[in-house]
Structure formats: C-alpha cells, structure tokens
C-alpha cells in the first residue's frame with residue numbers, strides 16, 4: 001500500500017474526486033442514509049423503546065427539523081465534510097477545527113465502535129442461548145468487524161458502495177419480515193402490550209434528555225449525506241429529496257418494527273433482552289428464527305460501513321485543510337481511497353470498544369455531537385444575516401433552526417443538571433483542550449512543527465516525489481531603454497556576457513546556507529505544493545470573478561499518454577475540486593509572493609482584463625506583458641506576506657479580503673524537472689512544474705529572511721557570466737533554462753514564444769547521473785546513453801559509472817543531450833538533438849548561425 005499512496009496536492013473540503021465512481025445519484029444517496037440510520041435504529045431504538053414511551057413523536061420531529069436545516073446548508077454550501085464547512089463559513093476556522101478535532105478523535109470512531117459492538121452482540125447471541133455473550137467475545141468480534149470494514153473501504157470505493165447496497169437490501173428485507181409478522185400477530189389479537197402506550201412515560205428533566213439521546217442516536221444517519229455532498233449528482237435536487245424520502249420512511253419503519261416487538265414482548269421483556277430482534281425471531285419465526293440475527297448482523301455491518309465511509313472523508317478533508325496531520329490527506333493513486341484517514345479512524349474505533357458498553361458510548365457520543373449540531377444550526381441563523389448573497393435553493397423558516405438550537409441546548413444541559421457525571425466533564429475538557437493544539441500547530445504554524453510534519457510525511461514513503469511549482473520571472477528593465485538604444489541583437493552576439501544585449505532581467509533567489517536542499521544556490525522562486533492550493537474555496541473565488549469556473553487555460557495539444565504525470569494526472573480522482581493546471585499555478589503564484597514579495601494577482605477592479613473572463617481565452621491576439629496592480633501598498637502586502645509564510649492557507653484569505661485572483665493566465669508552461677536519483681538522497685526528491693511569466697517592468701522585491709538570504713535581478717547572460725566567475729552557483733536546471741532564455745534579447749520575443757509554445761506541452765526530464773573518469777554528467781532524455789527504462793522510485797538503477805573520458809563519451813555518442821562538468825562551476829550543455837514540443841535548446845556560445853551543425857555548448 002505504501003507505493004500506491006499519494007498526497008493530493010491538493011486540498012474547504014471537497015472529497016469528490018476520492019472516488020472511483022465520483023458522483024452518486026439520489027437512490028445511492030438515500031441508500032447510504034437509510035443504511036446508516038436503520039443500522040442504528042433497528043437495534044438501539046428498540047433496545048431503549050421503553051425509555052422512549054411518549055417521546056417518539058418529539059424525537060421524530062426533532063430529527064426532521066434538523067434534517068431540514070441540513071438540507072438548506074447542504075444546498076447553500078455544497079461542500080463535503082459534514083458540519084465542517086458550515087462552521088468554517090459561519091464562525092471561522094476555530095470552531096471548524098474544534099469540530100474536526102472532536103469528531104475525528106471522538107465522535108466518528110466512537111460511532112463506528114458502537115455499531116460494531118451492536119453487530120458483535122447480534123452475531124454472538126445465537127451461540128449463547130439463554131445468557132449474555134462474554135464481553136471478550138463481543139469485543140473481539142467487534143474489532144474484527146472494524147478491521148474488515150476498514151480494509152474494504154481502503155481497497156475500493158466501488159467495493160464499499162457494493163457492500164453498502166447489498167446490506168441495505170438485506171436490512172430492508174428483514175424489516176419487511178418483522179413488520180409483516182407483527183401485522184399478522186396484531187390481526188390475531190396480540191395487542192395486550194399496546195393498550196396503554198404511554199404508561200410509565202419518562203417525565204424527569206434529565207431522564208428525558210438521556211432518553212432523547214437514545215432515540216436520536218437511532219436516527220443518527222440523518223446527516224450522513226452532508227459528508228459527501230460533492231459526490232452527489234445534482235446536490236441541489238438530490239440532497240433535499242433524499243432527506244425528504246429517507247427520514248419519513250425510516251420513521252414509519254421504526255413505528256411498525258416497535259409495534260411488532262410489543263406484539264410478542266412485554267416492556268420488561270424487551271428491556272431485559274440483550275438482542276431484541278433475536279428474541280422476536282425465536283418467538284415468531286421458529287424454526288427459521290436464525291435468519292433474524294443473520295440479517296440484523298447484515299444491517300449493523302452495513303451501518304458500520306457507512307460510518308467508516310463518511311469518517312474517512314471528514315478526516316481526509318481536515319488533513320487537506322491543515323486541521324489534522326497532513327498525512328491524513330494522502331490518497332491511494334491506484335485505488336482513490338483516503339487510506340491513512342480510514343486506518344486512523346479504524347485504530348481509534350478499536351481503542352474505544354475496549355473500556356465501554358454501548359449505552360455509555362451512546363451518552364458520551366450524543367452529548368458531544370449535539371454541541372456541534374446546535375452550533376451548526378446556529379451558523380445557519382447567523383449566515384441568514386452575514387451571508388445574504390448566498391443562493392438558497394432550499395430555505396426553511398427561521399423558526400426551525402431556532403427550535404433545533406434550543407433543543408440542542410436542552411439536550412446538552414439537561415443530563416448534566418439532573419445527574420452530573422464525570423464523562424460530561426471529560427468530554428467538555430477534551431473539546432476545549434483542542435485549542436491547546438490549535439494555537440501553536442494550526443494558527444502560528446511554528447517552524448519546528450512544519451519540520452516534524454514534513455519528516456513524518458516523507459518517512460512514510462507514501463510517494464516518491466514531492467510536487468512543487470516554480471516561476472521563471474522575467475521583467476523589463478526599469479531604466480527606460482528602448483529597443484533602438486540596445487546594442488546588436490543576441491542572434492549576432494558571440495559573447496553572451498554582454499548585459500546590454502537584453503532589455504529584461506530574471507529574478508534569482510539565493511537559498512540559505514542552512515537549507516537542506518541545494519544550500520547557497522541561486523534558484524527561481526517556487527516551492528512545494530500545499531493542500532490549500534487545491535482547496536475548493538478557490539472555486540468560490542474564481543466564480544466571484546467569472547460567471548462559471550472556466551479557468552480560461554488553453555488545452556495542451558500534447559497527448560495525455562506522453563504528458564508528464566504532474567500535468568497528466570486526473571486530480572479529480574485524487575480528491576481535488578479544481579484542475580491540476582490551476583492548482584500548480586496557484587502554488588507558483590503563492591510561493592513567488594512568499595519568497596520575493598511579488599504578488600501576481602488581479603484585483604476585482606481590473607477583472608475585465610482577465611484573459612479567462614471570455615469564452616475565447618486563447619485567441620490569436622497575443623496577450624500583453626503582465627502588469628502588476630498598484631492597488632495595494634507595500635505595508636498591506638508585507639502584512640499578508642507574513643501571514644502566508646506562517647500558514648499557506650492564509651493565501652486564500654488574502655485573496656478573499658483583497659478581492660483578487662492569482663493571475664494564473666500570466667504563467668506559461670515551460671518544463672518539468674525531476675530531482676536526479678541518488679544525488680540529494682531519497683528524502684529530497686522533487687517533481688517540479690516550471691512556468692515562465694513576463695512582467696512589463698521590474699517589481700519591488702523582498703526576501704523572506706528565512707529560506708532566502710539574497711535576491712538578484714540580472715539578465716540571463718549576466719547570471720551565466722557570474723556563474724563562470726564563481727560569483728554565484730546555479731543548479732543544472734537553472735543553468736539549462738537560462739541558456740534557453742539567452743536566445744531572446746527582447747522581452748516581447750520571449751513573451752511571444754512562451755505564450756505560443758505553452759500549448760504544445762513539454763517533456764518530463766529525470767536526469768540520470770553518470771560518473772566518468774574525468775567528469776560528471778547528467779544524462780537527459782534523448783541522449784544515446786539515457787536508459788530505456790528508468791526506475792523513478794530509485795530502488796534500482798540510479799547512478800551510472802564509466803572509465804571513459806569526456807572526449808571519448810562525446811565521440812562515441814551519436815545523440816547528445818547532457819549536462820557535463822568537471823566541478824560545480826564548470827558545467828556545460830552538450831546537445832545535438834532537436835528539442836520536442838517546439839522548445840529551444842540552450843544558446844551556443846559559438847556556431848550560433850548553425851546550431852544544428854554541432855552540439856550546443858555553453
């Protein structure tokens with residue numbers, strides 16, 4: 001499993017693409033809801049039916065009110081993750097974090113454990129007639145149930161859905177059998193236990209709250225669809241429709257099932273029975289009574305599967321949004337399942353089955369759950385006033401969420417006031433205690449925590465590469481030279497050290513000497529892709545600028561089969577709500593802002609200038625050089641830059657507050673470099689998307705004073721000249737691409753070429769290191785020495801060795817495409833092949849007029 005997991009470089013919390021079958025229709029949605037709800041209620045509501053005398057109608061009305069509120073929320077904010085996105089939009093990240101913290105650590109795994117224990121009780125009861133099964137047997141069976149369901153959900157989403165559909169059909173079948181049997185018994189006159197249905201009804205202030213817990217637990221599946229909203233086909237129609245159909249159907253079934261039970265059992269017998277449905281089967285269906293425990297096991301197993309399914313999605317979303325350890329946002333590349341999140345939930349569930357029985361877990365679960373149910377409905381009320389601009393396909397009368405909030409307060413406070421217990425205090429301390437982790441790890445993002453997270457992420461070996469994006473930032477000189485004032489064009493220049501041959505400069509940043517990767521090297525601005533770059537919140541930001549999320553990036557002509565995986569991978573299947581081409585450009589813009597202070601963004605006031613604003617985003621007319629907006633002063637940008645450096649997700653907040661868009665249209669695809677195998681160690685391997693951006697003039701530039709210690713604007717030739725003089729060191733990819741840029745003396749020509757060429761595609765370059773007798777070389781694709789089958793994992797192959805000299809290697813090679821050198825400051829490019837996808841080879845210092853005559857050498 002380690003080899004086929006990958007972090008979606010991703011992603012407020014869409015999980016839509018984490019599925020093989022991405023979109024689910026209304027029948028599947030209703031099946032998931034009924035599966036989870038029936039699995040709880042068929043057992044537990046019946047088990048506590050005596051406690052609920054006189055309260056059934058009120059329980060049902062409370063559930064219906066809550067479900068209607070969630071229907072409005074789900075269609076108003078169509079995001080997956082349950083209550084998480086609603087609390088985020090209504091109250092901000094703190095409450096959303098506390099919800100994810102409590103739900104992931106306590107609520108979801110305890111729910112999973114409760115249903116697994118119920119399944120185990122029914123599975124073991126037939127083997128212990130007349131007595132209660134030993135706890136060790138029940139808990140071992142429950143643990144086995146959790147392991148099997150977790151494995152199913154890790155293996156395949158389709159398999160999980162097939163299991164869901166099968167067990168839904170099985171539980172509906174047994175419900176029909178019980179209801180029909182009850183109707184027959186009632187027709188035969190077995191009504192003695194129903195003559196006074198409200199006898200012994202609960203009236204105590206606190207006892208009513210506990211009784212409500214048990215009844216509402218039976219209906220707990222009513223909010224499950226909100227965890228997978230983005231996976232529904234047409235959620236505006238199917239989400240409320242599934243709720244409207246599901247809740248009444250479940251209610252009717254509960255009523256008839258309980259009536260059937262009371263037709264053969266007294267209230268005392270019902271309470272004393274460890275497995276009510278089994279007792280019913282023994283008395284009514286003998287000798288076929290064995291089918292009842294079998295089908296009830298099916299019912300609870302299906303409900304547990306539904307609980308595991310939704311728990312994995314929430315954990316995945318929280319990991320992607322930075323509210324959980326980032327490893328939780330990893331997804332299987334081949335299976336498209338959030339395996340780390342599912343495994344984590346399974347482990348916690350097994351822990352929860354050890355000390356507690358079902359009723360204790362129900363009370364503990366419901367107390368914490370209704371805190372957030374109430375806050376979620378309160379968020380609905382708040383957003384009626386603060387988010388009036390949101391469309392509400394379903395809008396309930398405001399009195400309904402008000403009633404739900406009042407009921408939630410009652411359910412939380414009544415048991416504590418009437419009969420205080422330590423479990424309520426522990427639960428409250430646990431919820432509030434999440435803030436102790438939120439402040440240092442989430443809000444401030446201390447550097448030591450980032451290093452810990454990165455080390456965990458890399459040591460798990462869940463992927464071979466860390467995806468990154470970088471920008472070659474070229475800008476016109478500020479000195480006001482005109483093209484006429486420039487010296488001879490570069491096409492006639494043999495000494496590329498002449499700075500005056502260029503009317504533009506390139507930004508290079510010097511990495512810190514303490515950097516773990518290429519210390520002291522001058523590099524282009526860029527960095528690792530963050531989960532926030534794939535956040536679904538970008539959809540809302542782009543939609544606020546444009547009528548539809550048509551990002552306006554042209555379709556590359558290159559076939560998907562030959563396209564580099566970083567560009568070709570279907571990010572939707574990895575859980576991303578936005579295309580990879582967009583997310584990697586967002587990353588490049590964000591990292592450029594962090595490292596240099598240059599903000600490549602378009603404000604709302606300049607929306608008409610966005611090339612993606614029109615349907616014909618790629619017209620024949622060449623776009624103008626990019627102009628940076630002067631709308632924001634340096635103090636504002638410096639403030640936001642500090643926040644973004646501390647937490648990448650703040651880049652989203654900045655774009656919302658400043659009402660601007662990352663200028664993804666100014667970035668043109670340039671190339672794709674991968675870290676050579678074995679050169680920097682297994683933990684320092686990057687798959688980097690290279691973009692180029694041409695600005696009309698050199699912008700105001702800063703340095704972050706952490707990773708970057710110096711910045712330098714220089715012409716391509718000046719950089720290469722400084723490198724030859726050992727005044728600065730640049731890595732082979734920078735050396736190669738600066739050589740390409742040396743073919744353009746004018747910025748407008750470079751801009752035209754980058755714009756036109758960007759739709760051709762590019763080649764993935766994974767250099768293979770060769771150690772010769774008198775030099776070293778990085779062999780690139782197309783070279784005669786380049787291996788036919790390169791193992792990207794680095795487990796085999798890697799560095800090559802030869803006793804031949806540089807001159808011998810050159811004579812023996814028909815096709816040359818390599819970077820060679822005797823030391824770090826003497827590298828050169830040898831190339832005599834035609835670049836693919838209309839790209840250029842680096843400029844030759846000699847033989848300029850006929851570069852194909854001999855190999856290119858810098």
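Placement of Cβ uses the backbone N, Cα and C atoms for every residue, glycine included.
Source: prediction; values computed, not measured.
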When TrEMBL marks a stretch as transmembrane segment, which of 61-81, 166-186, 313-333, 460-480 is it? 166-186
Transmembrane segment per TrEMBL, picked from 7-26, 27-46, 367-386, is residues 367-386
Criterion met for the transmembrane segment (166-186) and the transmembrane segment (367-386) (at least three Cβ pairs under 8 Å): no
Tertiary contacts of the transmembrane segment (367-386), defined by C-beta under 8 angstroms and 6+ residue spacing from its ends, are 66, 69-70, 72-73, 76, 83, 86-87, 89-91, 95, 99, 102-103, 106-107, 213, 216, 220, 223, 398, 401-402, 404-405, 407-409, 411-412, 415, 423-424, 427, 431
Do the transmembrane segment (423-444) and the transmembrane segment (239-264) share at least 3 Cβ pairs under 8 Å, sequence separation 6 or more? no
Lying 6 or more residues past either end of the transmembrane segment (136-154) yet within Cβ distance under 8 Å of it, the residues of that chain are 1, 112-113, 116-117, 119-121, 123-124, 160, 163, 301, 304-305, 308-309, 312, 332, 335, 337, 339, 342-343, 345-346, 349-350, 353-354
Give the nonlocal contacts of the transmembrane segment (94-116) in its own chain as ranges (CB under 8 Å, at least six residues past its ends). 39-40, 82-85, 87-88, 142-143, 145-146, 149, 217, 220, 300, 303-304, 307-308, 310-311, 314-315, 317-318, 323-324, 344-346, 348-353, 356, 358, 361-362, 364-365, 368-369, 371-372, 375, 427, 430-432, 434-435, 437-438, 442
